[in-house]
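As written in TrEMBL, here are the features:
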REGION    1-43  region 'Disordered'
COMPBIAS  18-43  compositional bias 'Low complexity'
TRANSMEM  49-73  transmembrane segment
COMPBIAS  89-104  compositional bias 'Polar residues'
REGION    89-118  region 'Disordered'
ACT_SITE  HIS178  active site, proton donor/acceptor
ACT_SITE  CYS246  active site, acyl-thioester intermediate
TRANSMEM  308-329  transmembrane segment
TRANSMEM  363-386  transmembrane segment
Amino acid sequence: MKHSARHGGHAPVTASFTAPVTAPGTAPGTGNAPAPAPRGRSARRNGPFWQAIGILAEILITLAAICALYIVWQMWWTGVEAERTQVETRQQVSWSDPSKNGGETTIAKAQSGDAPVQPESASYGDLIAQLYVPRFGSGWQRNIVEGTDAAQLARHGLGHYENTQMPGQVGNFAVAGHRNGYGEPLGDVDKLQTGDAIVVRTKDYWYVYTFTQYKIVLPEDVYVIAPDPFNSGQQATKRMITLTTCEPKYSTATHRWIVWGELKYWAKVSDGIPQELATTDASGKVKFASNSSTAMSLPARMGSMKPVVVGALVAWLVLFIAAAVAWRWPARAAIRAGLRPRPDASIYGGLLRLQPGVLPVRVVLLALLCVAAAAALFEWAFPWAATTIPFLQQMSNFAVSS
């Protein structure tokens, strides 16, 4: 009888082997070590070249934002500064309020005879009149000061050509003003229609002119402000007003837009207001449509971006200290500990990581720094650029007001 080769009739025991469990994100046989960085297209996109492209893109976006802010400064903030300067100028003179005639607003009687001339003379920078043009809006008004250089036109409204006639005088009362920026006093000059009123108020008198015609001329065509612009060299017989501004409105001013008007009548400020500036309320009472000579908008009351710079930096500092005490720098700590991948090079990403606290707090901190930087551009950088860089100087026609 044959016997089996197996001892005791039992099969030999075979050792079993179970493969160790590999943690997600690690390579087999390497324990808990992180998996190697992926290769190929994604790795190339994280290389130095692509990071440099990203930084360049951030720089270009920043420059675009600065250009946009410059346009906002030119088109809006210069107007805010001009508004404040003009209101302060009106507050400094002792001109009566024409709407407070005996406690009620009345319509001033149109006077006959030769118009009085006021002022008879003026020094550079003096407030000589206020201009009202109903076509530009019911509350529209601007100062007219003596002189037409850039410093006057940038902050003081409109400027009177010093060698031309005064309001009410036979000849040509010629005035210049910006068409965009600086409160754009003559921004809507192209909306004037034949017969529209152009009202000039001096200390004691109203002069109501009527728009007659306009013309687009070259800058060297100075005949337009002559005593009689239609018969240059001839003795003037009419009492005229001329408004001059730039053309075109939103690019290099290669021409000038000229508006002419003739005196319709004059009136006394002590008698009330001209019919052209009067409205009636629901009860039928006469109201002065432009009775806001000393009112300022909220931005104009602020007058400067310095409080914004200081306020934003103080708020940033307080929040920075509070966040540093409460949370420290969790994002940077996670990167150093290897819990988060090392980020790509980035200007704004780096600034964000330098802020303490959780992500929402860091975003607010970075936003406060951006607000402070933008306000500083408005207060110092843009005025410097507009008066120093030739291209911007020509485009902005800006000057620091004295």
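From the backbone N, Cα and C atoms, a Cβ is placed for every residue, glycine too.
Under a cutoff of 8 A between CB atoms, and with a sequence separation of 6+ in the same chain, the neighbours of the residue listed as 'active site, acyl-thioester intermediate' are HIS178, ARG179, ASN180, ALA253, HIS255, ARG256, TRP257. Sequence-distant neighbours of the transmembrane segment (308-329) (same chain, 6+ residues past either end, Cβ-Cβ under 8 Å): 302, 353, 355-358, 361-362, 364-365, 368-369, 371-372, 375-376, 379.
Within its own chain, the transmembrane segment (49-73) has Cβ neighbours under 8 Å at 344-348, 374, 377-378, 382, 385, 392, counting only residues six or more beyond its boundaries. Other C-beta atoms found within 10 angstroms of the C-beta of HIS178 (active site, proton donor/acceptor) number 25, with every protein chain shown included.
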